[in-house]
Structure formats: C-alpha cells, structure tokens
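Listed in TrEMBL for this protein:
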| type | residues | note |
| --- | --- | --- |
| REPEAT | 5-39 | repeat 'PPR' |
| REPEAT | 75-105 | repeat 'PPR' |
| REPEAT | 106-136 | repeat 'PPR' |
| REPEAT | 137-171 | repeat 'PPR' |
| REPEAT | 239-269 | repeat 'PPR' |
Amino acid sequence: MPEKDVVSWNTMVIAYAKSGHSDEALRFYRELRRLSIGYNEFSFAGVLTVCVKLKELELARQVHGQVLVAGFLSNVVISSSVVDAYAKCGEMGDARRIFDDMSVRDVLAWTTLVSGYAKWGDMESASELFDQMPEKNPVSWTALMAGYARNALGHEALELFTKMMTLRVRPDQFTFSSCLCACASVASLKHGKQLHAYLLRTNFRPNTIVVSSLIDMYSKCGCLEIGKLIFDLMGDKRDVVLWNTMMSALAQHGHGEEAMKMFDDMVLCQKGLRFFNSMMCDHGIVPDQEHYACLVDILGRAGCFDELMKQLKKMSCKPGDQVLNALIGVCRIHGNIELGRKAAECLIELEPQSSAPYVLLSSIYAVLGRWELVEKVRKLMDERQVRKERAVSWIEIENKVNAFTVADRFHPLKEVIYSVLEHLTGQMEEDPLLLDAESKIYGTIV
C-alpha cells in the first residue's frame, strides 16, 4: 500500500488477533504506536483481544494504562474488554473496580464479570451479580450455568436451567453443553434424558461439543451403550473432540482394548502414535493438553513408557494437570513408582493445596503395599494443611436426587437415617453369618 492510515493498521491488528496470531498482532500494534500516525478506540480492540487470549497480566496492565491515557475507557466495548482481560488473568479485584467505574454497562459488561467470577470459582459473587443484572441474554444465563457445572454444583446448574426455560429464554449450544455436564457431574440420568428429548423434539441441531457432552453424560450415568450409539450415528461428522470423549468413556468403563480400536481399529500403539502425529501433519490440528493426556493414557496402559516420555519432551509447553493426572494413572497400573512420584510432585507444584495429587500418589503406594510411604504422604498433607475434599454420592429416589457423604452429620434427616441404620445393624448382629459376610465385603461398620 502506498499510504497506510490508522484504519489500515487497525485492520491488520484485529485480523491477526482474531486469527490467533498474537505475536504478529502485537508487532503491528507496537509499530502503529511508534509511527505516531494517531489511533482511535478500534486500535485497542485488537490488542485487548490478544490480552484476553494470552492471559498475560503485565500486558493487560500496559494496555489498560494506554487506554486510560487515550481517554477511551468510557467506551463500553473497550472497558468491557479491559474487564475481560483482567478477569482472564484472575485479577477479579481490578476487573470489578473497572466495572464499578463504568458510567454505562451493557449486557456484555455484566456477563463478562459474571463469567470471570464463575471461572475462578467465586459462585457466590457470580450469582449475586447475575441477580442484579437489569437485562439478561442466553449468554448471561449460560455463563452462570457453566460456572455451577464447572465447580461441582450440578444441582444449582439444573435449577438455573429450569428457571431459564420457565422465563422462555432460548438456550443455545453452550447452554445445552453446560447442562449436560451438570447432569454428568451428579449422575442424573433422568435430567440428561429430558435434555436429550428436548433436542430431538425441537429439531435442535447440536454441534459436536453438545454431542460430546451428551456421550459423556450417558457414560457417566452408566449408559455406555447409548453413548456408543450416539457416537456411531455421527458417522463422518465425528471430529477429534468426539473421538476423545468416546475413548475416555470406554476407558472409564474398563474397555481399554475397545478404546484403542477407536483409532481406526488400531491395536498397536505405533498406529495410535501415527494417528496422533497425523493430527498436525495431515489435518493442521495442533495437539493441546487434552490430546497429550489421551496419548499418555494409550501409551502408558500398553507399558510403552520410553515412547511416552519421548513424546512428552516434544511438548511445546509444560505438561498441565490433565497430562500429569493421566501419567500418574498409568504409573499406578504398572507400578512405576519413580515416574509416578515425579509426576505427582510436578502436579503438587502446580496445585499445592489440591488434595488430588497427594491422593493419587498415596494410591500408587497403597497398590504396591508400600504403607510406610502412604503414611509419609499423609504426614506431608497434614504439614501443608491440605484437606481431602469429602466425596459426595447421589441417588435418585421417586424423582428426587439425594446427596450424602460418609458419616454425614449435616443431612436434614440424619436422625431418621441413623435410627434405621442402628436397626439394621442390630438385625445383622443377631445373625452372625450375615454380619460376617457383610464385614468381609464392606469392612467394619462405623
């Protein structure tokens, strides 16, 4: 171009930002500022998109300062993008301050902050803000719903969906995906089937994310065959997301061999590895953490640890929690204590206050009968004040889902429950054979 004005530069920054080429977008943005040809609010739109994608706090602060100096923070779109950038970086205090200072707030600004609170697990703040919204759209409802589902509050997510439908708010693809995840988290087959029936009844055309959530829901509710049927019906529309979901479902139900055959009936790990490599070479798909986690599971279950470590060294970034969890799982299967210990230590470094890596490491030692090491892990948890989250179980009786935990002292019907339990225990004590059989199967009754 013989002459490049601010519109030309803005177009390049926005185009590169939206196509995922963050480095190029930043290069054009910095060059624009260096040339001093002037800029407008659209000049910041592209670079703020980069801030959101990269989740780099320092960059977000720099751009925020530049927007402030330029006087464009009064623009609701720009200020909402700044809120989003801080929220993505986990700086909810800064995000809330900018939101509170906005003279005009549209539904995008409200939804951005609700989504930020939900992403970081502050569901109380997310819910309060949602209730204060003067106007809500399907994205707003879905943001809160997804937060509930992501934070193991499946019942709350389903209640919100019911309220949304009562108010005749039209759900979208993301709404159904979040709801199905909620059904899977509480193993509510009834609600999952109702959602599936709604999709069929309304001729809703679900994308592969929704179909993947549907397969996952049926699998986690114990209906693997229905999940397989849905997968088969997708035919040539099956993408890598669906393949990963189906493989995961099969593996969770103990069908390891069938899971491996999902890769074009592959039995040998080399074929699975070839399929993994073809993602990038033949289809241009860059493997992410989830893909590597699947590869670790395939190679690890077959005992191919040398190839597994070789592939992990090729990763462009450090293994995340999904990869490390998969690695610990296969180490437990094959008794690879040393590698399992290293993976657990890396996971503990990533999530020092999460009980999951400690429990996984402890389970490896327990399977191998190394009880002194199990005790060592427990002492380490005590020293670091890490508490294992209490497991919650659900059962559906007469169209109502009931939740309970081991030695639950907070259930509203605890007195009735323990009274019945005492009565049953008394009956078993009267029949020594029954009590002996129960003790062998379930252990001592507490």
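Each residue's number is its place along the chain shown, starting with 1.
Glycine residues also receive a Cβ, built from the backbone N, Cα and C atoms like all the rest.
Automatic prediction, not curation, is the source of TrEMBL annotations.
Remember, it's a predicted structure, so these values are computed and weren't measured experimentally.
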Sequence-remote partners of the repeat 'PPR' (106-136) [C-beta within less than 8 Å, at least six residues beyond its ends]: 76-77, 79-80, 83-84, 86-88, 90, 92, 95-96, 99, 143-144, 146-148, 150-151, 153, 156, 169
Tally of residues which DSSP labels helix, strand or coil - the repeat 'PPR' (106-136): 23 helix, 0 strand, 8 coil
Averaged pLDDT, computed only over the residues in the repeat 'PPR' (106-136): 93
Residue counts (helix, strand, coil, in that order) that DSSP gives for the repeat 'PPR' (137-171): 26 helix, 0 strand, 9 coil
